[in-house]
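*Asks:* I am attaching a structure below and will ask some questions about it afterwards.
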Amino acid sequence: MQYQNSLQYAQSCDAKDSLKHFRDKFLFPKNSAGEQLIYLCGNSLGLQPKRTQEYIQQELNDWAKHGVEGHTDAENPWLPYHEFLTQNMAVIVGAKPSEVVIMNTLTTNLHLMMVSFYKPTKTRYKIIVESDAFPSDKYAVESQLKFHGLDPKDGLILWKPRQGEELCRFEDLERIMATQGDEVALLMIGSTNYYTGQSFPLKKITQLGHKHGAMVGFDLAHGAGNIQPNLHDTGADFAVWCSYKYLNSGPGSLGGCFVHERHEKNNDLPRFAGWWGHNKQTRFNMRHEFDPLEGAEGWQLSNPPILSMAAIRASLDVFAEAGFENVRSKSEKLTGYLEYLLDGLNNENINIITPRNKEDRGCQLSIQVKNADKALHTKLTQAGVISDWREPDVIRVAPAPLYNNFEDVWEFVQRLKKIL
Ligand SMILES: *Cc1c(COP(=O)(O)O)cnc(C)c1O
């Protein structure tokens, strides 16, 4: 793409953007003077769709009107409520509807998946994670090892960038598997790394893991609603994600879970069970042996919080209207523009650590600013930019294609330049 460094050019891109009217479907935070902020933090908490309030209000109204009968008599009955989310969610992560369910929260789902898919033996018990994995994932994996009586110092293998590099290389994962593959029980990789913004080749990782007899799972916290992970096609055994980052479903909202269809009827897998995973026909008889639903739904534990589900439903409807292919296609252009403008600063203290290749990243760019400290981030905030700071010297900015535009990106770089 041939970009140009001018406000006029950014505005002309916005005028031509087929998704431009989606920006008006979101609520933007403002500063104390009432000016709209430049919000580039969808990687941490996505903005609120205007319709979310209406969707939640509907459930409050039905609760007021029907009480317990709302389970069957609400406009959107609560008993099967999670089913209303499945189709749209499946499209976004590239899965079959039976492979996807919205339930619990991300770290809970990660534990549930490891109960089923991390089955250590005397000789095959190690777990591989990428070295800069999100702390919660690392704690979850380490605690699973300990739960099985294993020492994380021995059982956890880190896939690390080489000395002096920021990104992980696939060849290095191949090398680990070539030497220790028959000791590895599980590869648990973040699909898109929260710190560097690097997206990993999910299908190649899955094939590598399976070739050596390991299970493979992904954490899509920074992938869902951002990249196109094509989960079914990767062949991964499981995946988990949250819905409050790129999926705009509100703070602490529920997570998603993918279980590949090859496991959908496998009742021999160990699993922590609850009544919502039980056969819908006999769930309320209460006296049956646990009879798991086929597919991802069979891992549900509890009847879900409908108010949170309503917020997810509102957001997924916005995505469905936009079409996820269009969202991703705009995202590549928008982040490409951010990259072009940052390069155009010609500032040798600035280093984009996120991969340059668009297949290897989502919308986020992680900008390392040498010799900077958190004061830089504070100044950006004072200048009306909401971004995210990671010690020691990285600003993460994530233009979200549904509500950010080319002018936001241009304006951000102008303000950054002034501060630098
Ligand atoms: C955001 C994030 C989490 C947060 O987990 P919760 O259980 O939703 O609090 C975990 N892992 C990764 C990789 C994340 O990016």
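A Cβ is built for glycine as well, from the same backbone N, Cα and C atoms used for every other residue.
Bear in mind that TrEMBL entries carry predicted annotations, made automatically and left uncurated.
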*Asks:* In TrEMBL, L106, T107, F134, P135, S136, D137, D219, H222, Y244, N303 are given as binding pyridoxal 5'-phosphate, so which of W159, W275 is in that site too?
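*Replies:* Between W159, W275, TrEMBL records just one in the pyridoxal 5'-phosphate site with L106, T107, F134, P135, S136, D137, D219, H222, Y244, N303, namely W275.
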*Asks:* In whole Å, how far does the CA atom of D219 (pyridoxal 5'-phosphate binding site) lie from that of K245 (N6-(pyridoxal phosphate)lysine)?
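*Replies:* About 13 Å separate the Cα atoms of these two residues.
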*Asks:* For K245 (N6-(pyridoxal phosphate)lysine), write down the residues of its own chain that are at least 6 apart in sequence and whose Cβ falls under 8 Å from its Cβ; none is a fine answer.
*Replies:* G42, N43, S44, L45, G46, A221, H222, A224, G225, N226
*Asks:* According to DSSP, which of helix, strand or coil covers D219 (pyridoxal 5'-phosphate binding site)?
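*Replies:* Note: D219 (pyridoxal 5'-phosphate binding site) is in a strand by DSSP.
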*Asks:* Comparing the binding-site residues L106, S136, N303, which residue's C-beta has the most other C-beta atoms within 10 angstroms in this structure?
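*Replies:* When each Cβ's neighbours within 10 Å are tallied, L106 leads.
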*Asks:* Among L106, F134, Y244, which binding-site residues lie by ligand 1, judged by Cβ under 6 Å to any atom?
*Replies:* L106, F134
*Asks:* Return the single residue from the binding-site residues list (F134, D219, Y244) that has the minimum number of other CB atoms within 10 Å.
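*Replies:* Looking at the binding-site residues F134, D219, Y244, the Cβ with the fewest others within 10 Å is that of F134.
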